[in-house]
Amino acid sequence: MKHYPHYLDLKPAMHAKGVVRLPGSKSISNRTLLLAALAQGTTHIRDLLASDDTHVMLMALQKLGVKWEQIGESQDYIVHGVDGSFPVHQADLFMGNAGTAIRPLTAALAVTGGDYTLHGVSRMHERPIGDLVDALNAIGTHIEYTGEPGYPPLHIQRGRIHAHEMSVRGNVSSQFLTALLMAAPLMTREQDVIINVIGDLISKPYIEITLNLIQRFGVEVQRNGWQSFTIKAGQRYISPGNIHVEGDASSASYFLAAGAIAGGPVRVEGVGRDSIQGDVRFVEALEQMGATVRMGDNWIEAESNGVLRAIDADFNHIPDAAMTIAVAALYADGPSILRNIGSWRVKETDRISAMATELRKLGAIVEEGEDYLKVTPPAEILSAAIDTYDDHRMAMCFSLATLDGAARRGNKERINDPQCVAKTFPEYFEAFAKVTEESLF
């Protein structure tokens, strides 16, 4: 895996053009690993993402007694399913800062039973998990906090499930609902499971990914809009045999935005019209800003069509990819407003605060609300040292501030702690350098 120095100096780039093969989707990779582990049968996973977060999941599954093999040096894996019951009933599991690992694993371990501790880096212990724990403990699982209530670390012990209807708030993180949906088939041997959503559900496209993958592993979920989900009794996860992980649509956003800002065309391969990821709808925002976008079944291409137009839009459905729009707004013809992004506050860092702070370093005027950002672009983007807050998306987003270098020849940008991109895209800066035709150092 690529290792970067403590900082990376990026030079202004005049133009962006080229083709990028995307790494696998983080959301799909970690869901698929857990489903394959819980299934009956053996699953061949192709093009799994190589990253810190998938490594966390693989190591946790190994500690739980799940057998898996990597095929040579490829990103193809064989996972031998345990048919709903982990062989190891006592384990200490390190979760890093991987929300896509700790939340589904918490639910699966709580309903199957055992003696487990789950902990991570310091930021993980600041990310809320109380709504998920409350939903599970209400039906008889036994999950305790070993630190601050409502947050990891967690201690899971064997409980006694006495109910099969759960309720969870939908407005904090969609990963709580994902975790319950993935764990539900482990409880349906004799009785239906019903999951109710309290209030509005954010990030609905991520739930679509979950439902799609659960179905691929043989379980049907009946739904009443976004308010309730029923998993009928008698179902279990069954391996589909082979499954392919499509490219990461959130990672695609940086390259497509580069094409929209600095000429293009820039094409990403591995995700396209047939994607199950909601973040492909990022291109709708680029089109609103005036970019030209083309899509195939497994590729997307974007190019500039003049100066980007300012945008005022609701980004609740694509919170991760929306970060890219915040930086692209530096190049717009007026103030842009990103609305309904409150979930940014509980991600790898408080992304609203972090984004506002770093955009101001570049000369932007930024108004920060509880769930929105207003970005007024500067006349000229300033040189700056960008802090990344151990957040992979902050590092990748702000590489875009090096574009359109003709207008600000001589300005430079420094990315502090570039190694944080290893969470989802270890080779990101090499890929970005290829499409901007600039050396890294």
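Placed from the backbone N, Cα and C atoms, the Cβ positions cover glycine too.
Quick caveat, the model's predicted, so the values are computed rather than measured.
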- Note on the structure: In Swiss-Prot, 3-phosphoshikimate binding by K26, S27, R31, S173, S174, Q175, S203, D320 extends, among K63, K232, K347, to K347
- Quick one: of K26, G99, R127, which binding-site residues lie within 10 angstroms of K347 (3-phosphoshikimate binding site), measuring between C-alpha atoms? Sequence order, please. G99, R127
- Query: If you draw a 10 Å sphere on the Cβ of S203 (3-phosphoshikimate binding site), how many other Cβ atoms land inside?
  - Reply: 22
- What number of additional C-beta atoms lies within 10 angstroms of the C-beta atom of G99 (phosphoenolpyruvate binding site)? 23
- Message: Given the recorded positions R31, S174, S203, D320, tell me which ones have a C-alpha lying within 10 Å of the C-alpha of R393 (phosphoenolpyruvate binding site).
- Response: D320
- Among K26, G99, R127, Q175, R351, R393, K423, listed as contacts of phosphoenolpyruvate, what is the widest Cα spread in Å, to the nearest whole number? 19
